Each structure stands twice: as structure tokens, then as C-alpha cells.
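Report on the structure given below.
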Amino acid sequence: MFFGGDYNPEQWPEEVWDADVELMREAGVTAVTVGVFAWSHLEPSEGEYDFAWLDRVLDRLHDGGVKVVLATPTASPPPWFTLAHPEALPVNADGVRLTHGSRDTYCVSAPAYRFAARRIAGELGRRYAHHPALAMWHVHNEYGTDCRCDLTAAAFREWLRERHGSLDALNEAWTTAFWSQRYSDWAQIMPPRATQYLPNPAQVLDFRRFLSDELLSAYVEQRDLLRGVNPSIPITTNFVQGGWVSVDHARWAEVVDVVAVDHYPDSSDVSAEEQTAFAGDLARSWGRGSWLLMETAPNLIYTRGRMHAKEPGRLTRQSLSYVARGSDGAMYFQWRQPRGGAEVFHSALVPHAGPDSPVFREAVDLGARLGALSSQLKPAGRTAEVAVTWDAPSWWALQGAGLPSAGIDYLAAVQQAHRALFRAGIPTDFIFPTRELDLTGYRIIVVPHLYLVSDEVAAALRDFVASGGHLVVGPLSGIADPFARVGPGGYPAAFRQILGVRVTEWHPQDPGVPVHLDDGSTAFGWAERVELTGAQALARYTEGTLAGEPAVTRNGNAWYVSAGLDDTGWERLLGTIVAEADVSPVLEGLPPRVEAVRRGELLFLFNHSESEASVKLPTAAVDAVNGGSFPAEITIRSGEALVARLETPAGTPTATSASPE
Amino acid sequence: MFFGGDYNPEQWPEEVWDADVELMREAGVTAVTVGVFAWSHLEPSEGEYDFAWLDRVLDRLHDGGVKVVLATPTASPPPWFTLAHPEALPVNADGVRLTHGSRDTYCVSAPAYRFAARRIAGELGRRYAHHPALAMWHVHNEYGTDCRCDLTAAAFREWLRERHGSLDALNEAWTTAFWSQRYSDWAQIMPPRATQYLPNPAQVLDFRRFLSDELLSAYVEQRDLLRGVNPSIPITTNFVQGGWVSVDHARWAEVVDVVAVDHYPDSSDVSAEEQTAFAGDLARSWGRGSWLLMETAPNLIYTRGRMHAKEPGRLTRQSLSYVARGSDGAMYFQWRQPRGGAEVFHSALVPHAGPDSPVFREAVDLGARLGALSSQLKPAGRTAEVAVTWDAPSWWALQGAGLPSAGIDYLAAVQQAHRALFRAGIPTDFIFPTRELDLTGYRIIVVPHLYLVSDEVAAALRDFVASGGHLVVGPLSGIADPFARVGPGGYPAAFRQILGVRVTEWHPQDPGVPVHLDDGSTAFGWAERVELTGAQALARYTEGTLAGEPAVTRNGNAWYVSAGLDDTGWERLLGTIVAEADVSPVLEGLPPRVEAVRRGELLFLFNHSESEASVKLPTAAVDAVNGGSFPAEITIRSGEALVARLETPAGTPTATSASPE
Amino acid sequence: MFFGGDYNPEQWPEEVWDADVELMREAGVTAVTVGVFAWSHLEPSEGEYDFAWLDRVLDRLHDGGVKVVLATPTASPPPWFTLAHPEALPVNADGVRLTHGSRDTYCVSAPAYRFAARRIAGELGRRYAHHPALAMWHVHNEYGTDCRCDLTAAAFREWLRERHGSLDALNEAWTTAFWSQRYSDWAQIMPPRATQYLPNPAQVLDFRRFLSDELLSAYVEQRDLLRGVNPSIPITTNFVQGGWVSVDHARWAEVVDVVAVDHYPDSSDVSAEEQTAFAGDLARSWGRGSWLLMETAPNLIYTRGRMHAKEPGRLTRQSLSYVARGSDGAMYFQWRQPRGGAEVFHSALVPHAGPDSPVFREAVDLGARLGALSSQLKPAGRTAEVAVTWDAPSWWALQGAGLPSAGIDYLAAVQQAHRALFRAGIPTDFIFPTRELDLTGYRIIVVPHLYLVSDEVAAALRDFVASGGHLVVGPLSGIADPFARVGPGGYPAAFRQILGVRVTEWHPQDPGVPVHLDDGSTAFGWAERVELTGAQALARYTEGTLAGEPAVTRNGNAWYVSAGLDDTGWERLLGTIVAEADVSPVLEGLPPRVEAVRRGELLFLFNHSESEASVKLPTAAVDAVNGGSFPAEITIRSGEALVARLETPAGTPTATSASPE
């Protein structure tokens, strides 16, 4: 059980370090992440090292019983790097070369950067790989930078050569016949840079794939170095979840030893809890049941335009919600709020006000709870019966220009599908078309905005339906192949046959203007002209030129939703399908805004509502935190979280499983 | 009669070509535009050509009875061009050099670009100028790029030398005494580039004039080459209508053999029909009665933020509306929707869904209608009695910085004046101060936002009034000379005497806040302090510091509108003047949103409303599409278009003429 | 008494000059500012001069009895400068080098610019320092440009060396331990340039301090040159007040002979009067009682997006309001509206319409009034008993990124505090932490958003309270030291002890959502969790997680306002404190929107309201403008301004003083 956070002792005089360890013990901290941004302290000038201070930090932590997640500091090259290797600084699409003064100022394709990164990682590996405090390696930080320089261009061309084999194949894949873009020499290919008008979407898409792979190769270089020194230490890097992600985490998850995730909800209302559930389910699915929350904000939520101070209990509820969804702990950014720097007001366990503060007091309480749970936690495993597709390339493709509507929002569509299941209490996984699709065990698969579909994925979903699975396809799915080439003959080419429909026209709608269906549901932003070629209409449009035309259809077990249904519509539709597929929620009959999550024999209960709630437990249960029996019906105060250990014979360990009946 | 669209066979395997020709025949397609973006297929590497595929395309089209508008592909240099001639790529005002990856990446002033463009155009000319399928040359595509590089600077200086003669004259014309900008050497003059604060408006204005002329010289170079090979083939380039236009089409129209226009309405409601009428009247006026719709979207309207699928019948109505206003056909972008590329979702006659689709079915029907009309169409000629001024330099000047209000919108002001006449059913021309003004035959001239006025234009309008014409001047007209120098003594210096008013102060208003006049009309955004120096007040301001001051005035036949009247106000005012000038609509007593347009003896009737409409025909008439007589009063279904051939002795052919009474 | 404005004869033919002088005499103009943007006319090519025209201008003005404020034209280098010294042009953070075409295109750290500026200033000094028309030197114009080039970088490093002494000290001051920014060589330090993510706030802050000092050194260079030629001529430069100011005027004010201020209100409603009062009080405080309004717009207000024509009387009211607050006159930009150029529509005393215009007529009237007042005006001195802190570095720091709320607005907070006092009729000074703080004579000090506080300033305020002064501290004050390092232990570290409170959490609020306090007041945008450590709560929060917690507190004479109180709240709170501190308004019982200001024995009265108002004079008084006695109770028409000379024995001259009782 990891409980702790990013610890930056280099920002403080040594007398603070003793106080830190003392406070960590008070809070039950088990591990801290050290060194993430310490490059300029570890290598003050090129090739000269100062490890003495880090030795003292690690020893002191070890003496205090705190484990160390040791970072390689390669996300933030020091100022000397800028001067020594100007060609290794990143260049944006306008040709502006960025410089130090913030963080992440490097080009990942620059040999000088790679060399410097390997060198400092190697030094750290040699010095600390066998330190008794070392629990894990944390390579770099939140990989995700972008560069369009000439060194990047060269690396991009190499990657393209490997992917496409020949220029002819690339010209075909990128549809360069459009707008006279046919390449006659590899040297002509560039990263997307400032150009006159709309860029080639296939070029943009391949560049994003390349960047993900290029960053991954930088990770692998360091991983191999560190593994070589001491193969017993797990190695990871922290994935960042959010709206600007530039790597394909589903594929990265196959390469790290532990899926470590940074997650900062950006909403301060109830949807923050939905974001937390989404993040937890996504992380668990990346990690095939196992992961670690590496960063979240202890006492703040960063909403658009301001910070929101978390209400009492919210830190506890959100932290336990990640744990319930499989995280092997809860780590925070950061331990101690800094005195200065760009993030001087970023959240911390020990804030500017010091330990005599609401957040530190809640952290102490939470540390005790996690300590109590620690021995009872089993790996979450994979037990959900419903899965939603998540596909980074489809997201990237739908972030492009030239699409039929500026309102298309991949992330929102996936979150909406997940939210409908979350509100119904249905345990949900994500599945990832960019890695091997294992659909066994699922009864329902929901496919929102899966814009790019390969033949293999289409076949897998066809087989799923053929073998009795329920498939629910939303709009903008199955439109194009992996190179964004639209399939001919009517949308959605990849799924037309399974769904028994053929779409001849898209009818994007103005934002905020409702589109009504004849089953009483309402849609926004999107409608289509659907022809039935086997399916039956479950709901039809009622207005405008589409009046009377099918909106929601069913073809055996394959549903098609052509309209931009609102939350209520999705909840109703998925409710029907869940019932038909005989999928059960974790607990039946929960009060509103009370959440239940199973992890093994532990049942986590969260009352996110403003009032007290009563929950009937499915079996006899003990209080996993405080000990003692729970009554058959327990009362949960507003804002509180409880953990019950159910006393049924413990079958297979289950992750966010449905409650047994 | 041209009916067809942009055809890009290079995007498709040859087996599709046969299907294309088959479908073209089915739809009655008479001509297609080929090769617009084919440079990288025609010249795969510098100086090496591949015309074989184009030979096959043209032969196949010829065999199918489809004529070819053959484009020179110079709007989109291939990737090899970037590498070979980096100095010939465009540079923006911030010094960012654009690169290939989209289209239009060239600097029109770069000798290397000019050379490459002439070379490929010459090759095409030599090979195809006598091809039997060739109906027209289509040079380049939508001229309108911008560059601020050093080559551009050199060309700009040459242009300025010619225009101004001496540095003293330029310093005077540009008012360089302001802010210490006096030039002491031609070498000091640059295109407008990133600078500290507001730029010199005369410099910006002359640069826009220069760009228009510079692009035109590139057109003329290709035109002369092509004309040299076969003088019998008409040559054109497609003008683009819209909000970002950077050339002075009125002057270009004098240089092309056929005025070809691309028009994409950007509104999906009723105003799309008003935009279509505006575009058609403008194009006809450019072409002195004759023009060709070269591009429009068959099944989509591109509104801000989304695409709007055209309702059934809208393609037909809009297409016939262009034809009614003088277009010699209707061409579309594009024939077949592409598989990929930046505009993969751009509109097409054969959409992704294929020919079994609403748009293709409507195209087949429309092709038949146009075929039936073909032999009955006469040139539209020039017959309107009302004209509105249109002046690209005034538009450019009012797009600048430092103006009294950010709400000033040249295009909106001209559209508003046209819209008031359109709604009253009054045939309307445009007249162009940047080319010879022929005012004979007009009874009313409306002058909206004609900010820049030369002495010659002021004199022409003075003579027009003196000889009994009705002149209606709106605000922000006659303010400055062609170099944006404001005339002294009170606004509007150019028209003060004709109008009998003198404006001492402008009173820009906040958007959305009404300004009331004492005749019940309402204005927005603009008011003025007007002194009467001969005119009488027709309406006065009722509020604020202008209460009781004149707002709308009349001095004999010269009206002045100082306030930003709303649509109702303009319609009422112009209604009064139309009545006084004895100008008649095409048909009296039309139901709301029913449009009537005359072209020769053909009367086009459009029912844009939601309900059936009855129209009394002015004479006996036959159905020009289906044959047979029309009853004296005909019924038009909602969304339908009819064409009646009036059986009166056919007098002079008339364009959008008033109906005879 | 200065009455006149910027005069640019180089924009006009000489025949206009005679008319100008004639009109100046008509309007009672006493002085004009000449030559501000005349560099390209004075030095048409590098090192060649043409002073003949300026000789004639100065002689003509002298003959007409008009004094000259002669400018050095160094704000706008001519086009030849760009070509000769490209390295001396400014470069923005993205590396874009700006060029001529506007004004202010120079890098103040470039030796070539400094040399050229000294040379032209020296030439002017030698030629005109003893001209009989010369009243004042006006160096440059509105110093405030920004550059990030390599020459700037070098100068920045020199400045940093001097400020910080050592790299270690700089690393500590800038908290470079955050994000691996530790510098190991001075050469690594750069101005803030384009970087990957949030910049280092201390680096940004020091760069803004550097720019202010660097620009000041350029001023001092010219000042010393001019002073050397004729030490009897006062020298100044015009400070610009507004939202984008980049220099620390409080420090600059110590260096100029006369504090000259440009002020353009940007609101057209009643708040323009509040802005005028704010500007006047700030300028008077900069100038320790004495200053000169160097520029304002005679007949326009520049609001966001449009120009607003001033209502009749507004020019007079606003001008007299500056004079009442200590200005030794009223100067305008500009004398004659230009024919062309970037600011062709900028305001003027002689507008495009000419002297037969409302603005010129009002100017003539105003000139007569000022002439009558001229001999009666005494220096304003310093007499207010209330002061508000104004601190440029705190403003800069709160313009940075990474703050807890995008709604933080330093300027708005200071204006709100001043507005509350203005509305209560309380004479108010500003005090400046960046120069010596003299708090003697003040009874109340208000501290809004004083984010950065040095130990010295904290001590001065502590002593102020200790000696009986009333201190009112708003949120976001006393948070950080001058290098933006947050003080530990609870906010606000600098004032915690004086205030008897300790803030453990900030609770930024969404804009527009009210936060209610239990004393009935309302706040917006900001709340805090406050612990009482000595203070008592005057008002408490009523909602959310802060319900029942202190919001406004008092600890003896030290008040703390943790919430973003609205205007009403601030007015009520300050009203209470004003009463307790026994501070009186200028006049008791004034009608709404009637303003009274004392300057010596003159009492200025302004009726900004829409209706007539009655004011009881405190003593017998004569009409200082027209002569004759005023009745004891006088009537002021809507929009009018009156000046009464009070016939009390004239004690010490007082500035905006409270009325004696």
C-alpha cells in the first residue's frame, strides 16, 4: 500500500527534512516520490554530479520507515542544457524554439537529449539501485511533449519508413492525391508545421502515433538501463489523464511494470466523483486489474479559471474511490507546498499553513484508514461484464480540423457512456483497440465515437455479437480505417452489416438545440439519416427533414444510436440492455449519489450526497477500517466513506463487481 | 449550359473512372473541372511529367460526352517544390515561413514559383489546348494568398514606385508624418509586418491593392501562355466570394474571359437564400450580365462550427437561383467525395454513401431540369434600375485597426442594403468604383459604407443626382480619399454638398442597444451629430445628447442615413424611394418568402416558405421545364422551384428584371 | 497653468500653422507639446538634420504667446533606423523581431538605439535649450516597451548581478530548485521567453523590475544631456496610466522634475468620473502634491470596442477634476485631428470638422475658465488623512500565471478601495511601498491586494497601527516577499500578527456567484478559511463549508477583510472606520453624484448627475471663474462644474482636503 506523494527536499534546507520525516510518520506515509525535478541539483553542470544530498535524503527516509519511489529527473533539463545543446530544444509548429524557464524543454528526438537523459539515469541507477529504501523507479514525468524540429522530422521519417514500407504505400495511406501532396522522396516529409490551410489529417494522425512511440522509446532506453542494474525493482512512469494527452497509454501500459496514473479532476461538483470513477476504471483496465494512483491533488480541484478548496471528507472519499477501483495506494502531488516557483499554489499534504491545517489533519486520518485496509486488499483483477472502447487514435483523429461539427468531443462521448453505467452502479471496464482485444467474459460492449476501426477490430466485434454479446454503437464509430480513410457505401462502413443500417447523410445540429425522438428521449448536437437494411427502429426522429426516420435501431443484439442522446437517453437505453443481458449492479436499490464498489471481499461505500443515507448490506459484514460488525442496514453520513468486509465465502476476487444475489 | 463539378480522378483507381462517366451521364453532367490540385501527379518530381493518366481521363470524358474545364494546378505546389525552393514559400507577418502540408504554399512574388507555374501551365497548354473535350481553361484556384517575405517586399516596392512615382508622393499619400514614418529611401519600405502597435492604414491598404495586382499578374502570365496556344478557348479563374477575400474581383472581372464564381453560403436559415441572391447579383454585375457558378456545395452548408445538411429541394432552388441571376450553369465542388485528405467531408454530388443517396437523386433530377432549360436561356444582360456600390478597398480599409468602432462591418452593410431590395423583389445590380462607373439606366443608387471615395467617383454620383437620379448614402461613406486620408470640414467630405449635411461628431453605440428615431424606426451601433446645410430632416434622434438632432435627411433626390438603421428601417426607407423613383418589383403581391426572378422571357419562381404558395402570373406562360401551359394562378409547393416562359412579345432580354405591368 | 496639447505641425502644410496659432489664441491655449513623433522630420536620414521647420514653428508659437513643451522624438525611430540597426529592433517572447510601421520599434538595451537617441536629443538640446518659447523638456513618450532579445538578455544579467550579488542568492530568490531551474552560470539566464509551460514567477517579476529600471536609465541619459545645456528648464516624461503599464511610476516620479501623466478613462458611464478621480489622486501622490495632466482625449472616451463621444460639459468637468486634484493645467492629445495615420480618429481640440464644432467651442469656454482660475491656484500639497497602497510589483505578480483564480485583479481591487472613499467624499492619497513610506498625518491606511511585502513595509505598517493608525487589509495582501516567495505558517504571513488572524485555506469562488456574510453584506470571487488568533469576527460566512467561519475581523485598529466584498460592503466598512478615525469628507451632505474637491481655498463642485443639485457652501464664497459672490446655497446644473473661492482665513493650502467644520 503506497501512501505519500511527491517529495522535493531539494527545495528546502536540511532542517526541514527532519520535520518532514516526523510528519510523514504521523500521517502514516509509506512511500514518497523523490527527485522528479532534481536534475539541476544532481548534475549542477554538465557531467558533474552531486549525490551527497540525495544520499542523506534516502537514508533519512529509510531510517524513518518511508519507502522511496526514485525518479529519473529527465523531464526537466537544467539551464546548462539549453546553452550546451540548443538544437535539442523543442520547436513548435510555427518554428519557435522554446527555452528553459519552465519545465520539459527538450526534443525527445535529439541525440544530445537522449544522451544526457541516459547518462543521468545511469548514474542514478548505479548509485541507488540497491538502496534499501528503493521501492520503485519512476522514469521521467508525464511523458507528453511535442516537437516539430528537423531532428524530429528525421526521426518521423524513419518511423514512417518502418510503418509504411514504401512511399507509394504512404501516399496511398495519407491520400496525398488530395491537394497535390504526393511525396516523391522521403526527404520531403515533415512533421505538421505551419501551413496555409487545413493540414492533411492522416499526416497529423501518424505524427501523433510517432510521438507516442518516440517518447516510449525514450522510456524504454531508461528502463533497460535501470533494469540492468537491479532487475528486482519495478519500473514505471506516470501517465497523465486529462484532455491534452499525447500518448497512447493503452500501449504504454504493456511496457511498464506498474501502471501509474496522475489524475486531477477538473470539476468541483458531483461530476468530480464521476471523473474519479472514470479515471479509476480506465487505469485499472490499462493495468489489467492493477495500478497505482501516483498523483492527485490533496486539497484542491483545478477547475477552469480557479482552484476549488476540497470540502472536508472529499480527499478521503476520492482517495478510497481510486483504491476501490484497484489502485495499490494513494499518492499525491505533493508532500509540502513550495515557497516559490511556478506552482507555488499547487496542492499539498503540508500546505503553506503547515501541519496545523484541515488538509494535514484529514491526511493523518486517511493514512490510518489506509493502514487498516492495507492487509485486506487483494488485486482487483478483471470481473466486469460491461466494457467501453477507448482509443487514443480515434480521439486524436476527432481533435482534427475539417470535421462536420466543432461539437464533436471524443472524451465527452466516452465519459457519457461510462457515466450512464456508473450511475446505474454497473462495474465497467475499458477495452483498447490498439492492443490485443480480449472480449471474453463481457456481455455488453459500448462503442462511443470509435472513429477509426481496423478490419481486425471490426471482425472481433462481429464475432462478439455472433456469439451472443450485446453491442451498442454510437455515432461517429466505424467511419474510417486507421489512416482516416472513410469507408465507402454509407456510414458506418465497419459496422453497417452488424448493425443492419446504412447512413446516407449526417445532420450535425447546433449546440443546445434539442432533437426529439418519438420514444420521448432527447438528443443534442448530432442526428443522421438512417436507412434500415435489416435492423428495426426503436426510436424515430420527430422533427425537420428527418421526421419519421430511424434514430435508434436494433439488429438482433446490435444496437445503433445515430443521435447525440442526452444522459437520460443513454441511461435509459443502457438500462434496457443491461437488464436484457442480465448484468447486475454492485448493490441494488442504492439511494441517490451513494456509490458502491467491490474489490475482492471489500465493499466500499461512498455517500456523495448532502444527506445521511441508509444502505442494506448484502451479507453480514465487518467494518474493515475500525473493526467490529456492521448492522444489516448501515447509515452513512453525508460526505463519508465506509469499507465493509463481506463475510460471504470469498469466491474469486472481484473488481468493482456486481453484488452477488 | 455547364452542369457538373470538380472532378479529381487522380484520387481514385481507374476502375472508378468508368463508373464516374456512367454516373455523369445519368445525372446529365455536361462538364467537369479537372486537374485543380493535380500538380504532384502531373509533375511528380521537378521537370518530370506524367500526362498519360490525364490523357486517359480526358479521352474517357470526351467519349462520354462530358466537356472539360481544364485547370492549371498552380494553387498547390507539390512537396518537391518546398525542398527545391524554400525561398518561394510564403512568410506571414510574424516571419513564420509556411510549408507544404495543406495547399497554396507559395509566394506569388517568388521568381521560382512563377517559373514553375508557367512551366507546368505551358506543358498543359501544349498538350491539351486542342483536345476536343476542352471547353475552358481554369487557371489556378481561388487566387488570394498573402506573403510578407523579402521577395514580396521587393515586388511591393516596385508596385509602389509605379503607383506613387516618388517617395515624396508616397510619404504624402501614406501620411508618414504621423508617428515618424517618413521614408528616405525606397529600400526602407516593407510589407506590413509584426510591429509594436497600430500599423499605418495607408500602408496596409496599398499592400492589399498590391497583392491583388500581383496575383492578377500571375494569372495574366498563364492566361497569355494558354491563349498563345489556342486563342479560341476561353480562359478564367474562379473568384471566391466570402468574408476573407483578398483581391479586387471587380477589376479582375475585366481580365478574365468568363467571370467564374465560387460561392458557399454560410447560413443555414432563410438568409442562405439572401446570400445566394447577393452572390448571384454580384457575380452578374462583375460579369456585366454573364457569369458561371464554378463551385458551390451540393448537399451541405458550412455554417460557423458545423455543416448543415441541405433539406430536400434546397440544392435545386439555390442552383436555379444562380441560373436565374445569369449563371450559365451550375458547377459543384465536387463530383465525388474523397476517401481522405483535409476535406474528406466536403460536399459532393456522389457522396460517401454513393449514388444511392438523396443528393445524387436530387442531382439527377436537377440535371434533367437544367437540360430542359438549356436552350431557352438567354444572356442575362443588364436591366436593373437600382444599383448598390461595392468597393473592395473600402472593405479593406474598414477591416483595419484604429476605427471608431469594432462593430463596423462593410460586408454586412452592403448585404443589408441588398437584402432590403431583395425582400421587396427589386432587381438589383452592383456598381464598382474601382472600375469605370456606368450609371446610365439606374434610377436609384445606394451607397453603403463607401469609405474611400475618389474625386472622380464623387463627381459621377453628383452628376447622377443632378440628372435626376436618386442617391441614398449610408454612414461611413465618402469619409476618406483612396489613401484613407480623411477629408476636412465635416463628414462626409465627398458628399457633404450633394447631401446638404455636415457631420461634426460620430456617436458609435454599444452593440445591441437600440437608438430610436422619431419616425418609429430603430438603429443599432451607429449615430451621428448631423447639421443641416440644405437638407431637411426626415427623422430625428429621440434620446441622449443627440435628442432632436437629424438622423435621416433628404436634399432633393439625395438621402443621407446617419444612423445604423435596422432591416425594417432600411426596407421602409428604400420602399419609399423605390416608389418615388417609379421602380417596380419583378412581380407585385408575392406571398412571403416567395422569390421571383426574370431572365429574358423566363420567370423563375421559388417558394422558400414552409407552406404552399399561390402566384398570379403576369401573362400566359408555359412550364419551361416540363412543357405544357401554366394556369393564370399557379401553386408552388413549399421548397419547390418553377420556371415559367412568359408568352409576351419578348422585348429586350432582361436580367432579374421588374415584371411588366 | 498649462492649457493646450500635442501639436504636430509637421503633419500639415505651413499655411495651416498660422491658422493654428490664431485658433490657439482664441482658445486661450498657453502651451503645446511639439515634436513627440518628429524624428523622421528632424533627422531625415542618419546624422542629417533639418531643424529649419522647427525653428519656424517655435518662433511662430512664441510670437503667438504660446509656450512650448519640446519633446525628444526618441519613442519612434524612423524607418532608416530599422535598416541601419536591425539588431536594435525589439524581439518578443516568441523570437519575432518587430519592425517599423507603427511606433516604438526599438530595443532600449541596444547600444545603437541609445546612441541614436542621445544624438538627436543632444542636437535638440543644443539648438533649443535657450529658445524663449521653451517651457519644459518632454523626453520620449510613454516609456513602456518590452524586448526579449539577446542584447536585452545581457543587460538583464548585469542588472541581476547587481541586485542579487551572487548566483546562489539569485537561485534562492527565484526558488530555482522548483522544476530544476538552478543556474550554474550567469550566461544561462535569459529574459522570459517562449517556454513549455508556466514560467518562473520570480524571473518574470525581476524582468519587469529590470525593464522599468532599464527604461529609466534611458530617460536619465537624455535628462542629463538636456540639463547640461540649460539647467533652468524642467524636464519630464509622460507617464501613462492604464491597464498595461510596465514601469514603476512611483519610483520614476522621484527622478522627473514634473510628474506628467497621460490618462484616458476607458469607461463612458459614471465610472469615468471615478477613474478621473483615481488618476488625479494617484498622480498627485506620485508628485507629492504637484503634477501636470499631459494628455487626455478632449472629446472621446475609448471604451472597449468603440469610441464614445463625450457629452457636452464632460470635457470641462473632467479637466477641472484633474486641476482640482493638483494638476497645473490640462493638456490634450491632440491639438488638430490628423488627416491620416494609425490614429486618424483619435480625439482632438480641432477635429476633422474644424473649429466650427462642439469640441472646439467647449475648449474655448474651458480656456477662459482656466485662465480665470490661473492666478488663484496654489500647489495642492499633501493633506489627506486616508491613504491606499499602490504597488507596481504586486500588480505585476498578480498578472502572472499559476495563481489560485483567474479573477484576481490588482487594479480593480485598488480602484474599488479608492472608489468607496471617493463616493464618501473622503480626500485620499496613495502611498508607495517601492519608495520611502511616509505615513505621518494619515489616520487610515487601506491595503488592497498588496501581494508582495518586504519586512520594512510590514514593520512600517505595524508601527502605524501601534501608534494609533487604522489599518484595513484586504485579501491577497502580505502573502509573499519581494521575490514572490510565500511566507509560511498561514496567510498573510506579513500581517498575521498585526491582524490577529491565520488563514489556512483560500476558497476562490466562481465569478458572479454571491457569498453572503451574516452582517448582510455580499462578496464575490474570493473567500478564506480564517482562524482567529487574537482578532474578533465582525462578520461571518453563512454558507457552504465556511459557514460560521470569520469573514471580516478586527484586532484593535487592524481590520482584515478575507472576502471579496462588493462595493456596498467596502463602502459600509470604510464608512465605519472613517467615522471611528474621525476623518471628515470635503463637504457633508452632498447630493448623489455631486463631487466636491478642495485645492487651497478653492472648492471645486461637479454635478455628474442627470438633474440640478443644491449645495450648501461651508462659508461665504465668491465665484472663482466669473467673479461675484455665491449665495450660501448654490444650484448646479446637471453636467456643470463650479469653482468657489472660500473666504475663510486661508490656513495651510489643502489638496482635496476635508472641509473645515
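A Cβ is built for glycine as well, from the same backbone N, Cα and C atoms used for every other residue.
The annotation active site, proton donor is assigned in TrEMBL to B:Glu142. Other C-beta atoms found within 10 angstroms of the C-beta of B:Glu142 (active site, proton donor) number 20, with every protein chain shown included. In three-state terms derived from DSSP, B:Glu142 (active site, proton donor) belongs to neither a helical nor a strand segment and is classed as coil.
Its own atom aside, the Cβ of B:Asn141 (substrate binding site) has 24 Cβ atoms within 10 angstroms in the protein chains shown. Per TrEMBL, the feature substrate binding site maps to B:Arg103, B:Asn141.
In this structure, B:Cys107 (Zn(2+) binding site) belongs to neither helix nor strand by DSSP; it is coil. Long-range Cβ contacts of B:Cys107 (Zn(2+) binding site) within its own chain (separation 6+, distance under 8 Å): B:Glu87, B:Ala88, B:Leu89, B:Pro90, B:Val91, B:Tyr113, B:Thr145, B:Cys147, B:Cys149, B:Leu151, B:Thr152. Annotation source TrEMBL lists Zn(2+) binding site at B:Cys107, B:Cys147, B:Cys149.
Annotation comment: TrEMBL describes B:6-370 as domain 'Glycoside hydrolase family 42 N-terminal'.
The annotation domain 'Beta-galactosidase trimerisation' is assigned in TrEMBL to B:384-583.
Model confidence over the domain 'Beta-galactosidase C-terminal' (B:594-645) stands at 97, taken as the mean pLDDT rounded to a whole number. Taken from TrEMBL, the feature domain 'Beta-galactosidase C-terminal' covers B:594-645.
With a threshold of 8 Å between Cβ atoms, none of the recorded positions B:Cys107, B:Asn141, B:Glu142, B:Cys147, B:Cys149 neighbour chain A. For the domain 'Beta-galactosidase C-terminal' (B:594-645), DSSP puts the residue distribution at 0 helix, 30 strand, 22 coil.
Cβ neighbour count for B:Cys147 (Zn(2+) binding site) (all protein chains, 10 Å cutoff from its Cβ): 26. The Cβ centroid of B:Cys107, B:Cys147, B:Cys149 marks the Zn(2+) site; residues of that chain outside this set whose Cβ lies within 8 Å of it are B:Ala88, B:Leu89, B:Pro90, B:Val91, B:Val108, B:Ser109, B:Ala110, B:Arg148, B:Leu151, B:Thr152, given in sequence order. Of the binding-site residues B:Arg103, B:Cys149, B:Arg103 has the largest number of other Cβ atoms within 10 Å of its own Cβ. Here the C-alpha separation of B:Glu142 (active site, proton donor) and B:Arg103 (substrate binding site) works out to 11 Å.
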